[in-house]
Amino acid sequence: MKEQEIIAELSHSYFNHILREVRPFLEYFNDDFLDSSLTAPIDSELLERLFFMAAITSLDVSLPFNFSDSDVVKSHRKHRWLTSVQSFGSKSKQGIVGKSRLFNAFTVVVKRAKNSKFDEITMRDFCVGINLNKILRQAPFFVRTLGGFQHKNQFNIVTEFVDGRTLKTFLQSKRSSWMDFLNIFFQILLGLEIAQNRLNFSHYDLHTDNIILVPVERSFTVSLYGSNYTVKHDYRPVMIDFGLSSVHTKGKTLGQTNLENKGIFGHMSPGYDIYVFLLFCIDVVQSTNLSIYKGITDLLGFFNSKTNISMDLLTNNHIQSLEKGVSNLVPYQFISYIRDKFSPYLNVDIGPQKMSIDRCLGQKPMFLRLKHLLDRDDELEPLNSPLLKKGFVKTLVNNIKVYYWYREKMVLESDQTAQLIETDKEILDNLIDDLELKIVRKGSDKPQITVEQKNLFFMALEYYNFIRELRLEESSEFYKTWSKRFKKTWVCRNIFSQLDCVIREERLTKCPTAGATLEK
C-alpha cells in the first residue's frame, strides 16, 4: 500500500473508535455547551474527545481523508471553538505552527504544512501521534495529538500545548547538571522502550528542540517488564513532532523512505533514536556545559561496550556506527546499562511491579467522564451487560471495576463460578507447563528463554499479581498452589538475567528489510 492509503486507513479506524465513544453525547454538544465555561477538570484524553466532537459537528471544517460523517448533525462553525491563532515556536521549513484557544479555555498548538510539498510530513505527524495516544497512560513522555481537520482545503493538526522549556534551553544553561540530564535521558529511554515494544516506534528526529521539559510536583510511576519505576525528578520530558517517525499497528507499517542514506527508514530502527539523540546533545553542550558533555561521552560508552565500535567513530560518523551494529541495540539494554553503571545518580525508585487496587480499577470510564461533563440532566444510562471474562480471575477483576465505577453488582451463580475456575485451571496449568520448558538452541549448550516464553511469563505474572491482590490464595487451594509453582518455574527464576537478550531478539525480528515496507 502507498503511505497515504495507510494513513487514511489508520485514521479512519481512529475516527470510528472515537465516534463510537462520543456518539451518545453529540446531541448535548450544542450552543449551550459552547457558551458555558468549562470549569471541571479536563485532562488531555477527555479534551481529545471534545475536540473530535467540535470538528465533526462543524459546518465549515471536515475530518480529513474523506471520512464519512453524513449522519452527524452539523450546527456551528470553527470560530466558536477554536480562536486566536498566534505564531509560535521556532521557524520551520516544512510547516506553520501557531497557538490557539480551544473552547476559550485551553491553549493548544495548531500545525499545517506550508504548501502541498510538505503535506505528507504533516499527515504522518498526525497519524503517528494518534497511535502514540494509545500508550500515554503507560508512557507519559509524548505529546497528545488532539485531532486534525480540513479547513479551506488545508489539513491542520491540533496537539496539546506542552508548557515547559526545550531541552536545548536546558542544556545551554550553565546551571544545569549532569545528574539532571541523566534523569531526563533515563525517562526518554523508558518512553522509547514502551513505544518500540507496543508500536515499533522510531522518532527519527529526536533533537533538543523536539523535547519539552515539563516541571512536575509529584512523583509518578512507569511500569515496564515486571518493574515499577517511580520517577522523582523535577522534570518530565515530552517528545513532540512526529513528521519523520515510524509506527507499526493493525498490520500496517507507516514511515517514509526518502532518507535511507541518512540511516532513517520507513520502519523501526531500534538503536537510532537513543544514539543520534546523544549526538544532538553533544553538539549543544560541547562549548557551554563541560560537565554534561563529559557525562554524555561516558554514556556513549554503552555503544562501545556492546559493539566494540571505537569512540572516535561513534562521535564522528553516525552512519557507519549505525551500520556496524548501533542500530540493532534497544532502549531497554541502555536502561539496564544505566541501572548498572549510574544508579546512584538516578532519582528513580525501582522495585517489583505490584497490582494495587487502583491499578485493578484503572481510569474512570470515558462514558462516565463525558456524561459528567455533557449530560447535565442525567438522562443517559450506561449499557452495562454482564460480561464473563475468560476465567474466574479476569471476571472477578471486571466485576469489581463495574461495581466501583457504575455501582452495579454483578452476581455469579455457583455453577458459573465453578466453570470459570475450571477455565482458569486450564489456562494457568498450561502456563506452568510452558514456563518449565528448557529450550537449548542449536550451537548452544545452555537453555535460553524464547520470545514466546517471555510473553507468557508476563501474562502469568499479571495473573499472579491479581491473585495476590484479590487474596485468592487465602480462599482457594488451587490458586495458592499455582502461585507457589509459578515462582519456582525455570523461566521465572531466569527471566531477568536473560531479558536484555530476549527483548533484543524480539525487537530485531520486527524490523523488515529497509525499503520493503512502503510502495511509493
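Glycine too: its Cβ is placed from the backbone N, Cα and C atoms.
It is 416-442, from the ranges 11-37, 308-334, 416-442, 470-496, that Swiss-Prot records as coiled coil. Cβ contacts within 10 Å of I96 (ATP binding site), excluding its own Cβ and spanning all protein chains shown: 18. Separation of the C-alpha atoms of F88 (ATP binding site) and D205 (active site, proton acceptor): 19 Å, rounded to the nearest whole number. Counted within 10 Å of its Cβ, the other Cβ atoms near D205 (active site, proton acceptor) come to 19, all protein chains included. Rounded to the nearest whole angstrom, the C-alpha distance between I96 (ATP binding site) and D205 (active site, proton acceptor) is 18.
Within 10 Å of the Cβ of F88 (ATP binding site) there are 15 other Cβ atoms, across all protein chains.
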